[in-house]
Amino acid sequence: MASLKHLPAVKGAKVLMVGAGGIGCELLKTLALSGFQDIHIIDMDTIEVSNLNRQFLFRQSHVGQSKAKVAREAVLKFRPHISITPYHANVKDSDFNVDFFKQFNVVLNGLDNLDARRHVNRLCLAADVPLIESGTTGFLGQVTVHVKGRTECYECQPKPAPKTYPVCTITSTPSKFVHCIVWAKELLFAKLFGDKNQANDLNVRSSDGASSSKQAEDVFEHRKDEDIEQYGRRIYDHVFGYNIEVALSNEETWKNRNRPKPIYSSEFMPNDLSQQNGSMEKNGAANDISSVSAMASLGMKNPQDVWSLKENSRVFLEALKLFFLKREKEIGNLTFDKDDQLAVEFVTAAANIRAASFGIPLHSLFEAKGIAGNIVHAVATTNAIIAGLIVIEAIKVLKNDTKNYRMTYCLEHPTRKMLLMPVEPFEPNRSCYVCSETPLSLEINTHHAKLRDFVEKIVKAMLGMSLPLIMHGSALLYEIGDDLDEEMVANYAANLDKVLSELPTPVTSGTMLTIEDLQQELSCQINIKHREEFDEEKEPDGMVLSGWTQAPSVVKDDKESIANAGSTSNEPSVEAEKNDEIEIPPEKKRKLSEISEAVYPDLSSVDGDTRNPDKLQVLDDDDELMIFDNWDSVTDKKIRMQ
Amino acid sequence: MDGEELTEQETALYDRQIRVWGAGAQRRLSKAHILVCGITGTIAEFCKNIVLAGVGSLTLVDDRAVTEEALSANFLIPSDENVCAGKTLTELCRDSLKDFNPMVRVSVEKGDLSSFGAEFYSKFDVVVVSCCSFTTKKLINEKCRKLSKRVAFYTVDCRDSCGEIFVDLQHHKYSKQKREETIECELHYPSFEESISIPWKALPRKFSKLYFAMRVIERFEEVEQRKPGELSIADLPAVVKLKKELCVAQSLNESHIPNVLLERLVTDTREFPPVCPIIGGILGQEVIKAISGKGDPLKNFFFFDAMDGKGIIEDVSGKP
């Protein structure tokens, strides 16, 4: 008899779904068909056109509406008598606190970012509610089960860090198209349209860097009464011409590299631009900012086309002009957004011109958009499969069928004949700072580093806390919260600008700090060690946190190949062979069954079957096991540069 | 590549999947015609997947009325009686599917599957059959094979928490990416009948138990002239008896077909809802691979059992 069909457990269950996107739509449908009757669903997003190829509960007419609410309506059409409670909100809102989580029997994640996943993991640990986590990229996917004290938590294993590039590769020696994209998006776009006060490495460092930087600052300023066409050409000539000349003057750099070619706008454009370039009239009627497009005004249609250098130059100048003429109010506050057509056009053109200068192949807007926006490749089938697997695990969790919990990988290429590969969950990592109480250790220069650096780089960026409280013994050094009085706020603000050793309660070598997040009910300890010097290239933050696990570099490489899969119009470049390179640290190999069952796990429990050599195979050769941990979880992070 | 370009509307809608399989594959999908026979929860999942993927057309065949069983794992049938009044199972599914993607033509064909001639099947690039008898499967597979054009043939069955997919791509040429290179490949498939005629003794030692169990059930239904899934626990002794006979005839140790597995398959012949998206998802992916000619297709059986959670490919072609 199929013991999986345990309807009472399913009918009586109250479940929380976080995310109503690709996995979420499939999951909500499958839960409803499987007999679940009380489902709560949180999603802060609204529906977009590019969702419709897989988020099948949504239609064109729903674009702009709440995903959680529309998903509910759609499912009620075929299962009208169940209860679905939607929340059009951020799961990090304070309403969704530990007490809120405690009302559920199981939490099911269908999220697209690391930050929210970590947050939900912590709330599930604090509320002691089992969590089923999932993720997909193209044809790859995985489902994992996290039960406090029994299996590892979501943060027990290292997560791939966002891909980073050395500054000089971006500013001076790009060798791949992605380097040109990073330059166009993070440096040039930010310089021209973003916050002017942000530090920016746009100008190449030359031997006389100090004197030229002052002059260079003025170059990007749009002078009063300066003709916009003139301004555009001045910028063009400066970044693609003059800056390359300056870089070329540094002979050392080019000893073992191909020398780039300076490009000036006069090569492609006669001086009388206005006739050559697009006419504003085509955009004239469009007051809607989202429809302002350089491609449209130049009469270019196909985003799959690779433009010539001349076409890129025209798009560059046209896009720049349109920003100043149509979107002037936003200038100074813009950040790159993959859904901003004009921004994508500008970045594509700028990246291509730079690529041409460095002899790197040019790319289409479609491809450039994928790279610049870190777009996750997504298909309906993988999401459907993953949703089915989530529900199977959810039913096991509700029946407390602990011995049969599995993490399952959905593969593109079969491994030992398997496309769907189940593996026993790992036991908790005893040195995980989230689910165990092991202290972390931080090397930092306590005489130079300010409390602000510590809060931003360690507490927020690395520990993922949003409402932190920092204590030294019983003394409060810092906290964020709604209920603080003015005096405290002023006090904390003053502390932020002090170096650690000069705080009211000085933080020095040997100090043990306690960091808490009241919303996540997470508390951890950090042992401070003073260190004078840090390597600027390798340790750009000027601090080293240990005990907090950074991703192994092979995972990063793999992440990159996925993120860049959009750069070819072929299949994703990920191969099973590559995945085999990913290693699991040896200490992670302990498994639940080994604690209770010594050497050989109890095979008869696996499926109620007699001993089966197939099962043994899966259970005992996990050194071949693959981990692809939520590549998509990190793709919403900006490409960091150090 | 294939001449015509994707429209702006197509590029916007299919953006995320073009990033997976490329614009060329998307164009080939939009020209493909799919026939589906027998509406189940798994088939509903499959149809959703390929309609979202943007195939050219989808034709549904199933003359059954809407029953409670048909409703149990099918999200394409609205519960509103006013909407359902006077419509058949396939018509209701068609209406929901059209709604998923207005760019795909979804239609209904009436009539008996085995009565359709070769000309009918030649209109399609892919034929998927579900919940039909062993004889019908063989018959349709042979009709597809006799056509001058290649028609990809699939069968899919779900019972309890188990699922089986059979694939016949005849001669399939495709390309795949290996590291930076594109490699051209070719595969030859046996027909359904050729495949299941391979002696059990000749199959590898570690082989999916579900393969044998499904053959026992298939034979039982055939001999007893039952409709697919028309079984109950009362049949178990007779099914176990048949298993023993088959094992003796095929010289296979009986332990390869556990009675507990047969018991599950005869007791609960309905689909377990969470298994439908898994089997329907794998099938959708395979059909997309066959149409686009990109990536290794599975050859030639796929099995999933929620009890152990494994999704396994078995090659039953006599050429290991």
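Just so you know, glycine gets a Cβ as well, placed from its N, Cα and C.
As annotated by TrEMBL, active site, glycyl thioester intermediate applies to A:CYS168. Residues or ranges marked as ATP binding site by TrEMBL: A:19-24, A:ASP43, A:51-54, A:LYS67, A:112-117. Summarising the annotation, TrEMBL assigns Zn(2+) binding site to A:CYS153, A:CYS156, A:CYS432, A:CYS435. Per TrEMBL, compositional bias 'Basic and acidic residues' is recorded for A:575-587. Look at TrEMBL and you will find A:10-432 tagged as domain 'THIF-type NAD/FAD binding fold'. Residues annotated as domain 'Ubiquitin-activating enzyme SCCH' in TrEMBL: A:267-369. For A:442-534, the entry in TrEMBL reads domain 'Ubiquitin/SUMO-activating enzyme ubiquitin-like'. Positions annotated as region 'Disordered' by TrEMBL: A:563-590.
Around the Cβ of A:CYS153 (Zn(2+) binding site), the number of neighbouring Cβ atoms within 10 Å comes to 23.
Residue density at A:ASN53 (ATP binding site): 24 other Cβ atoms are found within 10 A of its Cβ, drawing on all protein chains shown. Proximity to chain B, defined as a C-beta distance under 8 Å, is registered for the following binding-site residues out of A:GLY19, A:ASN53, A:CYS153: A:ASN53. Cβ neighbour count for A:ASP112 (ATP binding site): 21 (other Cβ atoms within 10 Å of its Cβ, all protein chains included). Over the domain 'THIF-type NAD/FAD binding fold' (A:10-432) the predicted model carries a mean pLDDT of 88. The 10 Å shell around the Cβ of A:GLY19 (ATP binding site) contains 28 further Cβ atoms across the protein chains shown. In sequence order, A:LEU125, A:LYS148, A:GLU152, A:CYS153, A:GLU155, A:CYS156, A:PRO428, A:ASN429 are the residues near A:CYS435 (Zn(2+) binding site), counting only same-chain partners six or more apart with C-beta under 8 A. Across the domain 'Ubiquitin/SUMO-activating enzyme ubiquitin-like' (A:442-534), the DSSP tally of helix, strand and coil residues reads 26 helix, 30 strand, 37 coil. Of all the recorded positions listed here (A:GLY19, A:GLY22, A:ASN53, A:ASP115, A:CYS168), A:ASP115 has the Cα closest to the Cα of A:CYS432 (Zn(2+) binding site). It is 40 Å from the Cα atom of the residue listed as 'active site, glycyl thioester intermediate' to that of A:ASN53 (ATP binding site). Counting other C-beta atoms within 10 Å of each candidate's C-beta, the binding-site residues A:ASP43, A:ASP115 are led by A:ASP43. The Cβ neighbour count for A:CYS432 (Zn(2+) binding site), using a 10 Å radius and every protein chain shown, is 20.
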